[in-house]
Amino acid sequence: MTKLIKNGTIVTATDIYEADLLIQDGKIAVIGRNLDESGAEVIDATGCYVFPGGIDPHTHLDMPFGGTVTKDDFESGTIAAAFGGTTTIIDFCLTNKGEPLKKAIETWHNKATGKAVIDYGFHLMISEITDDVLEELPKVIEEEGITSFKVFMAYKDVFQADDGTLYRTLVAAKELGALVMVHAENGDVIDYLTKKALEDGHTDPIYHALTRPPELEGEATGRACQLTELAGSQLYVVHVSCAQAVEKIAEARNKGLNVWGETCPQYLVLDQSYLEKPNFEGAKYVWSPPLREKWHQEVLWNALKNGQLQTLGSDQCSFDFKGQKELGRGDFTKIPNGGPIIEDRVSILFSEGVKKGRITLNQFVDIVSTRIAKLFGLFPKKGTIAVGADADLVIFDPTVERVISAETHHMAVDYNPFEGMKVTGEPVSVLCRGEFVVRDKQFVGKPGYGQYVKRAKYGALMADQDVVKMS
């Protein structure tokens, strides 16, 4: 049915204006003032912003890790995302050495099909570069529309790839038009530090942070940037948590390299002291990279403001405190890494960023949606409000105040790392391809409505000035 959103203030990455939006066949059909209401369902957005739907470039739903599986699957995870103002996610498809990439991708399709309530795509993890993998990658891009590959520089003996694998992936990505993503921590040194800590009898959650110091994130980030320069390729550094990594990304961008940086809300508002909470509650805040000392927060905020970091992902990777995080009692290395973040990503950036004057409203939209769409081959179908774009829209009340709590969130976990935090602004209604998923803060979507999205190659949808040194 045709829908007409009236009386809202439309906000994109570049503009703010008052207009009506006419939606037909899942697309934005007309943008204008005082549009004809006949035959349309009218939605009144008085007092609200209308944003492009958020895009979360970093989720781990229904993912095995550390002897267990993340609690949120593609149903609960995408429902929570929708309540938070996200209409598209890109999840990480894990691969196994020696196994065809196609098999891993089929596994991830099976996890999502019939469950997702919003649209989704996949990144592909690269754990080894063999002749078979190199032969399969062009098919992955052409047939599956997967145009981003992730390499882990940490998690020794689990996910970690060596530098040769990273370099060869960068070279292949340049030739194929893909974007390489890295988890940048020095896994070899972390492996040594964690073993030494345990030998010395240090088992508490705080040692997760103390054995993964920011210097090791900075070192790995710099190494990845140098390999990117050598390969003449493109790099996206995920979940940047510290000043040392920001510095290396800024250096690379100032040299004109195609290097991009993502941070996450947890690094903007939480700090290392949370890992010292008594009664093992610090385990709730164990993820990698770890939370840093508080002073890093303003460095990250300034990097978002100045364009040294460009996007905000959630790194959604949720485990229950009881029964899952508790697997690490007596050994911090056994605590499943990750947290439930997907639902609060947009609200935290708006409340702590826009409301507190750290970033502008246009920057906010760019950081949670538009830039991600451009980098990952979704723009202009997604990530903007324009005629012909998917009607992925968030009607957002900027005045509502609420307190984040596990009692009211929609994630399938027994805690929220932002428990008790007051935020201003929240989504009222959320549409994905013109259909309500959330309406008046009530879930009205359907599992299975979400569609798999094939993505364009890196750079195909970006203007030249977007690719290099875009601030």
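Cβ atoms are placed via backbone N, Cα and C, with glycine included.
Now, the feature entries from Swiss-Prot:
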BINDING   H58, H60, K150, D315  Zn(2+) 1 binding site
BINDING   K150, H183, H239  Zn(2+) 2 binding site
MOD_RES   K150  N6-carboxylysine
BINDING   Y155, S288, N337  substrate binding site
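Taking the features listed in Swiss-Prot, we show where each one sits on the structure.
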| residue | record | Cβ contacts under 8 Å, 6 or more apart |
| --- | --- | --- |
| H58 | Zn(2+) 1 binding site | I90, F92, V238, H239, E262, C264, G313, S314, D315, Q316 |
| H60 | Zn(2+) 1 binding site | T70, D91, F92, D315, Q316, C317, G338 |
| K150 | Zn(2+) 1 binding site | F92, H123, L124, M125, I126, V180, M181, V182, H183, V238 |
| Y155 | substrate binding site | H183, G187, S288 |
| N337 | substrate binding site | F65, G66, V286, W287, S288, C317 |
Check: same-chain CB within 8 A of Zn(2+) 2 site center, minus K150, H183, H239: H58, F152, M181, V182, A184, V237, V238, D315
Cβ-centroid neighbours of substrate site Y155, S288, N337, 8 Å, sequence order: A154, F159, H183, W287
Local backbone state of H60 (Zn(2+) 1 binding site), from DSSP in three classes: coil
CB-centroid shell, 8 A cutoff, Zn(2+) 1 site H58, H60, K150, D315, site residues removed: P57, T59, D91, F92, H123, V238, H239, G313, Q316, C317
For H239 (Zn(2+) 2 binding site), the number of other Cβ atoms found within 10 Å of its own Cβ: 22
